[in-house]
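A.B. asks: Could you have a look at this structure, given as structure tokens, before my questions?
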Amino acid sequence: MPLPHQGSTSTSSPNPTTAAACSRASHGAAVQHSMLTTLSTYNHPTSTAPTGADHDPAAVTDQHGAVRGTEGLRVIDASLLPDIPSVPPHLTIIAAAEYLADQIRQS
């Protein structure tokens, strides 16, 4: 089932460390302690200068990474992603950076 706002899905295979710690907990306080000491999160800041069509008011950059209204400034990182992906964005960022770097070299 999709999680609201994150665009990701829940996993059927929880972290084994967390699952083991929670299974040993017998009441609410112990479960809470287990969760606080074993759960973690990570994030990938993205989409702060999203790419989009010329008519898109939310688009900060064009398809070449050029910042609209600012001459000579380009964005070539995770900021370009128009939406926060539901998967780690590392490979997408590398591919976009390679593509845009090639475009800059050719221009």
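Glycine residues also receive a Cβ, built from the backbone N, Cα and C atoms like all the rest.
Pasting the feature list from TrEMBL:
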COMPBIAS  8-26  compositional bias 'Low complexity'
COMPBIAS  40-50  compositional bias 'Polar residues'
DOMAIN    13-97  domain 'Glucose-methanol-choline oxidoreductase C-terminal'
REGION    1-26  region 'Disordered'
REGION    40-59  region 'Disordered'
A.B. asks: Do any residues, 6 or more residues outside the compositional bias 'Polar residues' (40-50), come within under 8 Å Cβ-to-Cβ of it, and if so which ones?
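C.D. replies: Result: 58-61, 67, 75, 78-85, 88-90.
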A.B. asks: Report the DSSP secondary-structure composition of the domain 'Glucose-methanol-choline oxidoreductase C-terminal' (13-97) as helix, strand and coil residue counts.
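C.D. replies: The composition, in the requested order, is 31 helix, 5 strand, 49 coil.
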